[in-house]
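Participant: Below, the features straight out of TrEMBL:
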- 21-44: transmembrane segment (TRANSMEM)
- 22-519: domain 'Major facilitator superfamily (MFS) profile' (DOMAIN)
- 151-171: transmembrane segment (TRANSMEM)
- 178-196: transmembrane segment (TRANSMEM)
- 216-233: transmembrane segment (TRANSMEM)
- 240-258: transmembrane segment (TRANSMEM)
- 264-283: transmembrane segment (TRANSMEM)
- 350-370: transmembrane segment (TRANSMEM)
- 376-398: transmembrane segment (TRANSMEM)
- 405-424: transmembrane segment (TRANSMEM)
- 430-453: transmembrane segment (TRANSMEM)
- 465-485: transmembrane segment (TRANSMEM)
- 491-514: transmembrane segment (TRANSMEM)
Amino acid sequence: MPTVDDILEHIGEFHLFQKQTFFLLALLSGAFTPIYVGIVFLGFTPDHRCRSPGVAELSQRCGWSPAEELNYTVPGPGSAHGASFLSQCMQYEVDWNQSTLGCVDPLSSLAANRSHLPLSPCRHGWVYDTPGSSIVTEFNLVCAHSWMLDLFQSVVNVGFFIGAVGIGYLADRFGRKFCLLVTVLINATSGVLMAVSPNYAWMLVFRLLQGLVSKAGWLIGYILITEFVGLGYRRTVGIFYQVAFTVGLLILAGVAYALPHWRWLQLTVTLPNFCFLLYFWCIPESPRWLISQNKNARAMKIIKHIAKKNGKSVPASFQSLREDEDAGEKLNPSFLDLVRTPQIRKHTLILMYNWFTSSVLYQGLIMYMGLAGGNIYLDFFYSALVEFPAAFIIILTIDRVGRRSPWAASNMVAGAACLALVFIPDGLQWLKITIACLGRMGITMAYEMVCLVNAELYPTYIRNLGVLVCSSMCDIGGIITPFLVYRLTDIWLEFPLVVFAVVGLVAGGLVLLLPETKGKALPETIEDAENMQRPRKKKEMRIYIQGKKADFQLS
């Protein structure tokens, strides 16, 4: 019986239908950006200080400038906690409404040295130096409550982890399209509810719901587009699907600049998600999944729709897809299928480690470089631009060299860059930045490669489950990366870089143990996946003869 790839060769591997579907799913990819990295703007922490009753009135009466008000009323250096902690989280125990305070150094009448004045934690809230708002400024997630901002980001990563595994199973069991639409509806609804949340607790609940469905929806979109196109276009659409995410980063920076208030920003980036519900009429179910479930009549109906859209016709020899009468019951995905057989077990373990590595190095390098500078919007914009060269390097090399070598090399380049940063002196700052950007580009390439190859190593009926289970390890990496960066730097400033280097170099070596997928059809069965590393003949002529009880393949 012919495979979907055989049929696509005749009706179009990347013609009008696939191009329209790719465009629609690329919009879905770009819309995932605010959930994955929106914390940069939603949780922006501006400079802040304790709100002290009477200070504003005294400042107005004395005609102080903002700098003079800070100098006279906010604690400064002189404590073991450091100047930053003092100025942001402590206040003088002074009644600023008393009439005896003068306009020139008002605290001098209370103590000869201001460092001797008693201090206390902020009791009346904070004053934030920002024209906009964020969840930090609205819910006062600073000082003793700063851990609540970390929890806000951890919750979405926990949601990514649980949702990727659970919805991955459901997508392989009940279909890609159904699960995609359900995730879109839940994501859009919870995003709007988060924008109107009355308090931090409800906001956290809706953030968790977004995490449960959003990443799973993004990956289902990736699976769908790779299953709709022919063999020669899988890698291109896979890479550009991720480039759409990078475009989303650039757009997010512009939208956040135009809307500095977090509730309006959250609404603006969420409402377009409701438009994706129209995909019910625009995007069909994957024929590959239908065939894996022995729903061949529906699969052929969709294949004929694709052919008509592409201005082609299904060849007479492929007009009908007959159910395999010897197949018995349809195949249902199981988590055990990911480790049951030797080659698929090896693929699963290596892919899980590489997803973990990509997340740790990608996020870790961003944290270590300290991208938060003078202009958060420009810093975010520039950091996203470095991802474009990574995508185009993959496109230029992947067909000439293959998947495995560039993937291994990108991991090793990222690891070697981290190791080199350990030995570069602080005086050569330009060199440190250059090497760090090289490492960022390398791990971006590795991130895109693992997503591409992951889908190519599993048979159809567990492909979605395999991608989502393995990719869930990047959520584990996202949860622990802040601890790797901030805790290890307390021991030794370059310690995280040493860890990143070891992790990246090991990942590059493990990739070399995987089979090369360049030019190979997507595996349809467990046997296909197990035999991927076996050498194949350059050309194989297949003749299909349909008999009463079986299909015979003559070579």
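Backbone N, Cα and C define each Cβ position, glycine as well.
Keep in mind that TrEMBL annotations are predicted by a computer and have not been checked by a curator.
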Participant: Test the contact criterion for the transmembrane segment (21-44) and the transmembrane segment (350-370): 3 or more CB pairs under 8 Å, pairs 6 or more apart in sequence, then answer yes or no.
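Facilitator: Per Cβ check, the transmembrane segment (21-44) does not touch the transmembrane segment (350-370).
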Participant: In the same chain, which residue numbers or ranges, 6 or more beyond the ends of the transmembrane segment (178-196), come under 8 angstroms Cβ to Cβ?
Facilitator: 28, 35, 167, 170-171, 202-203, 206-207, 209-210, 212-214, 216-217, 220-221, 224, 263-264, 266-267, 269-271, 273-274, 276-277, 279-280, 283, 285
Participant: Looking only at residues six or more beyond either end of the transmembrane segment (491-514), which have a C-beta under 8 A from one in the stretch?
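Facilitator: For the transmembrane segment (491-514), the sequence-distant neighbours (Cβ-Cβ under 8 Å, at least 6 residues beyond its ends) are 346-347, 350, 353-354, 357-358, 360-361, 364-365, 368, 404, 407-412, 414-416, 418-419, 421-422, 442-443, 446, 453, 457, 484-485.
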Participant: Per the 3+ Cβ pairs under 8 Å rule, pairs at least 6 apart in sequence, do the transmembrane segment (240-258) and the transmembrane segment (405-424) touch?
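Facilitator: Contact criterion not met.
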Participant: For the transmembrane segment (264-283), what are the same-chain contacts with Cβ under 8 Å, counting residues 6+ beyond its ends?
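Facilitator: Same-chain residues near the transmembrane segment (264-283) but 6 or more away: 20-21, 24-25, 27-28, 31, 34, 38, 41-42, 177, 180-181, 184-185, 187-188, 191-192, 194-195, 224, 252, 255-256.
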Participant: Is it true that the transmembrane segment (350-370) and the transmembrane segment (430-453) have 3 or more CB pairs under 8 Å, sequence gap of 6 or more?
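Facilitator: Yes; at least 3 Cβ pairs under 8 Å.
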Participant: Counting Cβ pairs under 8 Å to the transmembrane segment (465-485), which of 216-233, 376-398, 405-424, 430-453 comes out on top?
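Facilitator: Looking at each of 216-233, 376-398, 405-424, 430-453 in turn, the most contacts to the transmembrane segment (465-485) are made by 216-233.
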